[in-house]
Amino acid sequence: MKQQFAKQIQRSFNRALRQVDPAYFQSRRSFIHQFAGLSTGMLLGQSLLPDLARKTRVLVVGAGIAGLNAAHQLKKAGIEAPIYEASNRFGGRMMTLRNYFGPGLTTELGGEFIDAYHEDMLSLAKEFKLEIYDLREDEPTLQESLYFGGKQYTEDDLAAAIQPFIPKFRASLEKLPEDFEQLSYRDATNWQDLDQLSIPQYLDSIGVQGWLKQFYHSSMSAYYTIDAAEQSVINLFLLLGLPEPGHEHEEQEDLAEIFKIRGGSQALTEALGKSLQAQIKLGHALNEIKKHADGTYTAVFEQRGKFKSVKADYLILALPFTKLREVKTTGFDWSPVKAQCIRELGYGNGGKILFGLNERVWRKHGSHGGFNTDFPAYSGWDSSRMQAGELASLTVFGGSNIGHDAAQLNSNEILSKYMPGLDQLWPGFKAASNGKMHKFSWENYLFNLGSYTAYKPGQWSSFGGVEKEPEGNIFFAGEHCSVIFQGYMNGGAYSGRVAAESLVEKLKS
């Protein structure tokens with residue numbers, strides 16, 4: 001959902017860093033090698049598993065991309081794990097709206113973009129023969145639209161505004177571990193003071209003001225789908241510390257490596273779900289986990305007021321902690337830090353507000369449709385980009401006020417609030433609109449109760465890193481179980497694979 005803002009923040013920071021500190025700029029590029037090793041492993045064949053291990057009872061809870069990929073990889077190892085899902089659909093936060101804004105147009109209500117180093121997503125798309133299209137093939141002269149305080153800014157303006165603050169950004173960034181996947185509350189001495197600061201508090205402390213502060217505030221409120229004032233500044237540094245993957249030559253830096261699945265993100269979970277159809281049980285909400293004296297488990301599910309018990313030797317819990325915190329445990333307790341994380345981990349209130357248009361009016365103004373402003377519609381993109389036909393859709397996306405509006409306002413209220421700013425940003429927007437609109441709130445979606453993880457001040461140093469740690473024979477998967485891929489579809493796919501691999505390794509030992 002959030003890749004658009006990642007690229008803008010990273011690109012502007014890297015441009016400024018290259019000008020101020022070229023040596024350090026080059027050293028940051030070594031980070032790409034850590035990505036390369038994250039997603040290349042796949043489970044070995046079932047012949048390496050003992051017959052007894054293949055008979056082990058494994059239960060997957062959650063049929064989003066994390067749970068589906070966990071079960072998919074387990075199946076390759078010879079374990080057919082049942083998948084229990086609370087809702088009446090599989091796919092989780094990969095949800096595509098098809099043909100609403102025009103014949104053949106797909107518009108994402110959830111996860112949308114795949115980056116070049118999201119190898120689990122790309123590998124799955126290739127495995128299921130799905131077409132990936134590359135937004136870099138669009139007209140290269142088109143830019144982001146930046147509009148603050150009644151003035152248009154360019155990406156060069158943004159990089160220039162950042163340059164004076166590079167030394168302070170760098171000093172703070174260097175307090176974090178080089179491998180972000182190793183970021184953990186267990187070793188937070190160097191950066192726990194930073195973690196106590198919100199993003200605006202940190203920006204104030206180093207003197208960032210004016211439109212640049214507004215840019216970071218709106219971008220980060222969109223990126224993590226919670227107001228920047230409620231976020232730990234560590235969130236910002238995790239983003240600044242990630243280079244634009246694949247840009248090993250400076251002249252490539254302006255190329256945003258962003259991909260989408262032809263036919264919608266949901267096409268992947270549909271393909272996975274079809275391959276696992278016999279294993280999926282829909283409409284079963286996890287109510288309780290019981291642990292027995294012999295170390296086995298019983299998972300109790302509720303379906304239409306009735307309860308069903310399922311026994312298992314191993315569990316993979318691929319549901320967000322917003323839902324896991326509702327689940328009762330009997331015969332065991334989560335470890336204290338895990339319990340705190342499950343209970344308190346922040347989640348965004350992200351929502352999408354979608355407008356239909358008869359033409360892509362932003363292109364007349366030199367924009368590819370990506371924007372960041374101080375208007376009520378402070379962030380979004382052309383969600384119909386590189387799709388056939390004249391009809392178009394614009395996605396307004398974010399947390400904070402946008403998330404609230406998607407959840408609470410009706411269509412007329414949204415049009416009244418958002419249309420004037422969009423028409424000021426791109427004159428002719430209102431005239432090009434065709435009256436179609438759609439909104440979706442992940443905060444209101446019963447099966448998630450939030451968009452994705454958003455760490456609040458103090459949370460990284462209190463329990464960051466514990467999310468993915470197994471508890472006994474219970475493994476965890478979901479975007480919340482990855483630091484680098486947090487909030488991305490790839491975070492779900494990656495963590496599902498890792499959970500399956502870890503379980504198989506335990507069976508082999």
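Using the three backbone atoms N, Cα and C, a Cβ is placed for every residue, glycine included.
What TrEMBL says about this one:
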DOMAIN    65-502  domain 'Amine oxidase'
BINDING   Glu85, Ala86  FAD binding site
BINDING   Phe397  substrate binding site
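Note on the binding-site residues Glu85, Ala86, Phe397: the fewest other CB atoms within 10 A surround the CB of Ala86. For the domain 'Amine oxidase' (65-502), the model's average pLDDT works out to 93. Separating the Cα atoms of the residue listed as 'substrate binding site' and Glu85 (FAD binding site) is a whole-number distance of 27 Å.
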